[in-house]
Every structure is written in C-alpha cells, then in structure tokens.
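Notes follow once the structure below has been shown.
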C-alpha cells in the first residue's frame, strides 16, 4: 500500500520540497514540532537508541516509558506507532541499508500489535538538514520510498526532515532538532536531549563504527536491552586518529563536519580507544552470547547475571 497523507496516497516525488509544496500542512506540523522546547529525558525511564539501532515496546512495559535517540545530523529518526495497540518503534537510520531496515521497523510494531485491533499505523520522521552533499535529502527520499513499498497502510503524521529541520547559523547550515523522544504511553513525539546514552554506550558505538548493521536492541517481553554478539577484527591502524587535530577528525569521520554537536570528536576518540582496548570482540561475548541489561531498582540499566 502507498504511504498516506491525510488519508490520500502520496504520489511519486522527486524531492522533499515537492512533497511539502503539495502538502503544506506537513510544513506547519514540522514548524510546530521543531519549535517545541527540548525535553531532557530522565534516564530512569529512558531506553536510548544509538545510530543504526531500533527498539520497540508497548504501554504494558514497566521498564521503559520513553524511547529516545540523539546526535543526528544527516541521520533520520523514524517513529512508527500503532494507535490501537500502542506498540511503538524508534529507529536511528543513517542510510546504510534503508531498504532492508524499514521492513524491520514495520515488523517490530506489527508483531507487537493485534492486527485485527482497531487503529492504524502512524509514522513520524525527523532529522537531516540542508547539508552541502545532499546526504540528508537522499536519505529522506529513500525512507519515504521504502515506506511506500510496504504492504501495510501507513499514515505520515510528522515530517520534520531536511529543509524543514534546517537552520543557518553564521552562514552554516545545521539541524534544528538533533534528538527526539517518544512517550510509550501516549505516543507523543518531541524534541529531546539526553545526558545518558547507555547501557554499554562505548560497545554499541564500536559496533556501528566497525560496520555493524541495523540491530534490534530490546526484548520488550522481558524488559531486557540486548547487545550483540558483535564481530570485528583487530585494527591497530585506527590509533592514528587519536593523535589527529579535531578538525581532521571532523573532516574525515563525519558526514557533516560543520554541524556536529560539540562532543562529536571526543565521542569518536572514546570509541576508537575502546576498539584498541578490545581488538577482538570475542572476549566481550563469552560463549557467543549477547550482553543483557535489565532495569535495576535504582532505575539504571545493569548487566543481567
């Protein structure tokens, strides 16, 4: 089925601008969305999704009330929710394999929903900006096209992407919204900031840095974050980056050097240091089993025995 906007099929488009011109209410919705104040999400109720990860749950979940993700420049956030069951998924897409990732997101929600239950699938997109290489624009079009190919009817509600998420500061383009959250109980989607990005932040970053594919990181039936097992080979050459100037790291390790958040370089260095300390991933996953984390009584994620 085609992607639906106000119950009408989205026609073939060649640019995001064309879509916004045909559906001006999406522009207004995007302006309203990006003008909301940032919500600083309490880590004790948060499930944080990193780049090239997704997570899905339902309002019955006692461990997670907000799924969130941040630090996106050209990347896009995808939130899909079934209004009947309340099942919701948030993904952080970077364009690495969009066509195979979107079906995973749809399946994550439909598998948690009773398909005969009343309600519909609603889609919220945010992220990207008017970057010079048009990486954001290409990703926007690919995500929209991939949803067009799904057999389910999916209703596009929020579309704060690329030019509608762009601001010019000192002559440089950058995103307005770098992070979003979704309230699992209400379905509200909102711009967010995050102080906590765990559990296993460095391990998860290393997985993405070494080419790991889109991964489902959460078992909602057990309230467990599950990481890996991941696989990478020793590469001592990456230590080269630790001695480089910040500008060099930005130039070569970012898709948008002028728009990255201030902590980007330190995050890259921390990830590289982690890989140097763990040249083989095998020791991190004894017996080839994933690392599992559950919500402790204190409210943080702790390693499950």
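Sequential numbering from 1, following the chain as shown.
Cβ coordinates come from backbone N, Cα and C, glycine included.
Now, the feature entries from TrEMBL:
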type: REGION; residues: 286-305; note: region 'Disordered'
type: COMPBIAS; residues: 294-305; note: compositional bias 'Basic and acidic residues'
If one takes Cβ-Cβ under 8 Å and requires six or more residues beyond its ends, the residues near the region 'Disordered' (286-305) are 43-45, 63-64, 198-200, 203, 222-229
Counts by DSSP class (helix H/G/I, strand E/B, coil) across the region 'Disordered' (286-305) | 3 helix, 8 strand, 9 coil
